[in-house]
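Only one structure is covered here, and it is reproduced in the block below.
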Amino acid sequence: MNLQELVPALNNFASLSLAASWDNVGLLVEPSPPHTVNTLLLTNDLTEEVMEEAVQKKADFILSYHPPIFTPLKRVTWKTWKERLVVRALEHRIGIYSPHTTYDAMPLGVNYWLEKGLGACTSVPLQLSTAPSCPSEGTHRVEFCTGDTEHLDMVLSKIKDIKEISCLTTFPARAEDEEQTRVSLNCSQEALLEVVALLSQNSLLYHKTEILLLQKPLLPHTGMGRLCTLSNAVSLSDIIERIKSHLKLRHIRLAMGVGKTLESPVKKVALCAGSGSSVLKGTEADLYFTGEMSHHDVLDAVANGISVILGEHSNTERGFLSELRDMLAIHLQNKINIIVSEKDRDPLEVV
């Protein structure tokens, strides 16, 4: 499969529009075309050790969950390790792609894998994703009615001079037992101020004006984090063992909520892979489960009687790669050899 086929296929597997606005996702490094991809290497973090593995295994493409290029590079030299990644990728004609929060939000993504460690449960996203585009142009729709044809022509003429106006339509309507003309238009946030200022010059017209916010529709089962309701409540100690087994860890970090013990029942678990503070905060649950949280966010949760389990950042993500390999193999019709990095690991360890 060539790169020009692979990248659209990956974008189709999980739309990049699902990614957080601050993220840097998609194709990050592209060798000069034509570029054929026979072997794709999956990794959670693209370190220099993983890059060396990719070179040794003759990978043509690396899918790195975390984007190795996040802040802009001002130069590409041998001075810093991230710059060296780009140099080596181009020297060995290896493409680099990162999905990151796209895979966090997708229905069968990282957080879905993470919740499997809890046992039988139902779940909903904590922050629902929205469709990639507005239902129509503009951010607002303005509608009003008038029976004064002469004045309407003047108003419409001035509206047409305002920038960022779209979908301007007029149609007959009956209001207050008389035939009138109804006007509908879409506009941007900036144009809305001008439209309102114009209509407010006629109090009768202004009081018949309706303004609607055009919102993107929510996508079911898609979004950041998960609120999981267990089929049967279990003790905190049982949940700890389930999570350690799922993550293949001997140790996790635990902060028990005020008034809670290891025998306290757990029914609702709010989880988020990676660094979940901003997603979990304020959610009512018996337990927060994520990779890392700030000290003060942990204190807030504990004070509210919510226990916290931290598995370290990448430990709550890396296990998804094996499932991702199988899903991508099917999606790409087994046209590419997909392997999971053996060198990728969490940089922190208990000593």
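Cβ coordinates come from backbone N, Cα and C, glycine included.
Taking a C-beta cut-off of under 8 angstroms and a sequence separation of 6 or more, His313 (divalent metal cation binding site) has the following same-chain neighbours: Gly274, Ser275, Gly291, Glu292, Asp346. Annotation comment: TrEMBL describes His66, Asp104, His313, Glu317 as divalent metal cation binding site.
Within the group of binding-site residues (Asp104, Glu317), the Cβ with the highest number of other Cβ atoms inside 10 Å belongs to Asp104. Excluding His66, Asp104, His313, Glu317 themselves, the residues of that chain whose CB lies within 8 A of the CB mean position for the divalent metal cation site are, in sequence, Asn44, Tyr65, His100, Val110, Ala273, Gly274, Ser275, Gly291, Ser314, Thr316. Remark: His66 (divalent metal cation binding site) has Asn44, Asp45, Leu46, Ser98, His100, Ser314 as non-local neighbours, by Cβ distance under 8 Å and separation of at least 6 in sequence.
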